[in-house]
Amino acid sequence: MSVDDAKRGAERKAALDYHEFPRAGKLEIRPTKPMATNRDLARAYSPGVADACMAIAEDASAATRFTAKRNLVAVITNGTAVLGLGNIGAQASKPVMEGKAVLFKKFAGIDCFDIEVDEADPERLADLVCRLEPTFGAINLEDIKAPECFAVERICRSRMGIPVFHDDQHGTAIVVAAAARNALHLAGKRPEDIRIVAMGAGAAGVACLTMLHKLGVPKEAITVFDKDGVLHPGRTDLCPEQMAFAHAPKDTVLGDALDGADMFLGLSGPGLLPAAAVSRMADKPIIFALANPVPEIMPEEARAASPGAMIATGRSDFPNQVNNVLCFPFIFRGALDVEASQINDEMKLACVEAIASLARKTTTAEVGRAYEGERLSFGPDYLIPKPFDPRLLPTIALAVAKAAMDSGVARRTIDLDDYRRKLEAQVFRSSMIMRGVFDAARQSHRRIVFAEGEDVRVLHAAQAMLADRSDKPVLVGRPDVIRARIEREGLTLVVDQDVDIVNPENDERYRDYWQTYHEAMKRRGVTPDLAKAVLRTNTTAIAAVMVRLGDADSMICGTFGQYLWHLNYVRQMLETDDLSPAGALSLVILDDGPLFVADTHVNIEQTEETLAWTVIAAARHVRRFGIDPKIALCSGSQFGNLDSRTGRLMRGALKTLDRTECDFEYEGEMNTDVALNPELRERLLPGNRLTGKANVLIYGSTDAAGAARNLLKTAAGGLEVGPILMGMGNRAHIVTPEVTSRGLLNIAALAGADVSSYG
Ligand SMILES: NC(=O)C1=CN([C@@H]2O[C@H](COP(=O)(O)OP(=O)(O)OC[C@H]3O[C@@H](n4cnc5c(N)ncnc54)[C@H](OP(=O)(O)O)[C@@H]3O)[C@@H](O)[C@H]2O)C=CC1
Ligand SMILES: CC(=O)C(=O)O
Ligand SMILES: [Mg+2]
């Protein structure tokens, strides 16, 4: 088996494992109301539920008040045009539909049921969809092939009072139109003056051409091809939507049609655009080769044929990824929030303009952080925003909601300034928070050494890192053990090629390493023999010496043993006048957003001075995630009402912080619930200096911070990133024994991000 085959096999296994473990599929349903007592039961179910039913029976619009309808979207397919895989059937399409549902939730907080229907007949399918109206706030039709998709959508739109949107048609058309608008701007051309050749007259192709026509491209300036050749007036196999673009002469061939054309739009299949035809196009042609997963022409081929070409594909590994994920979560968010009865042309055009304008605007610090190292200034390689651009949600949903209200299809009027603020706050309430860190790591060239390189979790993390980064991770461990475990785990890591190994039992650097350790420790009771023994047996010390000598930029240890034991060796080798541990910060990602807790491991009993230092370091690290820190000093005491140890400690630290002129919000001392509940805080501590919910909780001892961290992880189901060792310039991180391979991957991303300014 070739290395490529092995890698493809491993990727396939990883994708299947992702879908299968730890439980099958990508979705679950969770209740939003308590169900703990008889009283809850009586309200949620009989008899209380009858009151909600009767309120809706009297006034159907009350369903959006008393049920989850308003935020619930159906992703519906019959599996007849799944991605570029074709008609693979309803059952096989389910992973895609679950995936769309996940994107709705993660990008825009929208709940979805995925519904796969075994029904090829468009009228029967449409009838079934129409009957679902009582359940949903909106319908997203997905991967239904042309021409049936046109009829299904037409029937549903005419009969339903909620938005019906065929994503492959309109989502794609909106993103294509935004990219085309920007490309034309750069080419200095007007839509009215250009000529387009399109390959693919399916759901996506027809909708994109219709949208481009709405933007000003004359229909006569568009020539379309499908499997049977050019669309011409004599064709009898086409539906009205396709006939609208069938005006080319019958004998037109692709190469001739492309002569002098300004734009190629491919929504068909792989490799269908010959490079020779590209060289016949106008100067600086626009080439959108959007078939998934393999485009009509690969970007490098197109560029070789026409060096000035502006190129987009559907793929994330090239610039200008045109994918409807840039649109559908956000257009639905806006439509649902004003209870729009439909998604009309005004809303779609507002969406086009919002997406196009985001790419033209100067990027914000958050986007810069999220895509560190990539050129994000408007130009041929940045025609449209990136999928993880945090501006997408507030900008698009706001524009769509406004267009719905202005065009009279909104049933609810909202205050747009309030709405913008709400949307902006929502952006960071998700695990997307780690995305920026991963992208920053991908762009940097920091070498990471794992002290416990034989641990299978480390091996899995190292394998996952390779997909994203060019630098080889370094593993401390015995090569034969590492090789055997790689094989046993079915990983494809190749020692020396993909990872470097430092063998504690036999390594040419051993002498250099023990001498370095001895030199640093000789006046702290370490003899040469002891230094040799430590560097033979203690992998944490080896990793720390490597970082000290510059053989690695950052180390990760701690998959076994006690945190402070590891910290001891980190300090011995890496502590300097400028770098000193300031505390351990744990980021816990909860359903309603991220929460940071410190110090969970370093300062067992804080002093006023160490506590203030922990707070300042935490603020710096929280900003690294693009979040404004709002720090609460937590204690059993509240604004001086207890003469307890932590009460006094917090009050002292607060005074130190006040003298330090901090540029972030902090306040204390207060109880944890008061920190997290702004209304309660306003009532109990009027005039306090925090705005909104605190997002960083600082405690006076590792006992208290550790308990908060563990409760958030276990009882509240939070996902932890960390602990992040603060103060050591990102040169060392110490995980805890329960860490998973994903947790190690997260920490490796943090360690790998080139953020020397964060200590
Ligand atoms: N990047 C993105 O965001 C999106 C990409 N797509 C991609 O676009 C493609 C089409 O999707 P969709 O419109 O939903 O599918 P449809 O099945 O509705 O349409 C496919 C179209 O491509 C044409 N086609 C297929 N093979 C050839 C060929 N060898 N030569 C000429 N024409 C051909 C078909 O012709 P005929 O009608 O004669 O069979 C049909 O017109 C897929 O690869 C899909 O992944 C789709 C949506 C979004
Ligand atoms: C992106 C998408 O929806 C498709 O390829 O079908
Ligand atoms: Mg699709």
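Here the Cβ of each residue, glycine as well, is placed from N, Cα and C on the backbone.
Keep in mind that TrEMBL annotations are predicted by a computer and have not been checked by a curator.
Listed in TrEMBL for this protein:
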| type | residues | note |
| --- | --- | --- |
| DOMAIN | 24-157 | domain 'Malic enzyme N-terminal' |
| BINDING | Val82, Leu83, Gly84, Leu85, Gly86, Asn87, Ile88, Gly89 | NADP(+) binding site |
| ACT_SITE | Lys100 | active site, proton acceptor |
| BINDING | Glu142, Asp143, Asp168, Asn292 | divalent metal cation binding site |
| DOMAIN | 169-405 | domain 'Malic enzyme NAD-binding' |
- Task: Please list, in sequence order, those binding-site residues from Leu83, Gly84, Leu85, Ile88, Asp168, Asn292 with the Cβ less than 6 Å from ligand 1.
- Result: Leu83, Gly84, Asp168, Asn292
- Measuring CA to CA, name the entry from the recorded positions Val82, Leu83, Gly86, Lys100 that ends up nearest Asn292 (divalent metal cation binding site). Leu83
- Taking the Cβ of Leu83 (NADP(+) binding site) as reference, which residues of that chain separated by at least 6 in sequence fall under 8 Å from it? Val96, Asp143, Asn292, Pro293
- Message: From the DSSP assignment alone, can you count helix, strand and coil residues within the domain 'Malic enzyme N-terminal' (24-157)?
- Response: 67 helix, 18 strand, 49 coil
- Long-range Cβ environment of Asn87 (NADP(+) binding site), under 8 Å and at least 6 residues apart: Gly79, Thr80, Ala81, Lys145
- Note on the structure: Among the binding-site residues Val82, Leu85, the one whose Cβ has the most other Cβ atoms within 10 Å is Val82
- Rounded to the nearest Å - Cα separation of Gly84 (NADP(+) binding site) and Glu142 (divalent metal cation binding site): 13
- Beyond Val82, Leu83, Gly84, Leu85, Gly86, Asn87, Ile88, Gly89, what residues of that chain have CB atoms within 8 A of the centre of the NADP(+) site's CB atoms? Gly79, Thr80, Ala81, Ala92, Ser93, Asp143
- Item | Distance [Cα-Cα, Å, rounded] between Gly89 (NADP(+) binding site) and Glu142 (divalent metal cation binding site) | 13
- Model confidence for the domain 'Malic enzyme NAD-binding' (169-405), as mean pLDDT, reads 93
- Task: Could you state the whole-number distance in Å separating the C-alpha atoms of Leu85 (NADP(+) binding site) and Glu142 (divalent metal cation binding site)?
- Result: 13
- Query: If you draw a 10 Å sphere around the Cβ of Ile88 (NADP(+) binding site), how many other Cβ atoms fall inside it, taking every protein chain shown into account?
  - Reply: 15
- Query: What Cα-Cα separation, expressed in whole Å, is found between Asp168 (divalent metal cation binding site) and Val82 (NADP(+) binding site)?
  - Reply: 10
- Task: Would you count the other CB atoms within 10 A of the CB of Asp168 (divalent metal cation binding site), including those on all shown protein chains?
- Result: 26
- What remains of the binding-site residues Gly89, Glu142, Asp143, Asp168 after requiring a CB under 6 angstroms from ligand 3 is Glu142, Asp143, Asp168
- Message: At 10 angstroms around each C-beta, which of the binding-site residues Gly84, Gly86 has the fewest other C-beta atoms nearby?
- Response: Gly86
- Of Leu83, Leu85, Asn87, Asp168, Asn292, binding-site residues neighbouring ligand 2, Cβ under 6 A: Leu83, Asp168, Asn292
- Of Val82, Gly86, Ile88, Glu142, the binding-site residues lying within 10 angstroms (C-alpha) of the residue listed as 'active site, proton acceptor' are Glu142
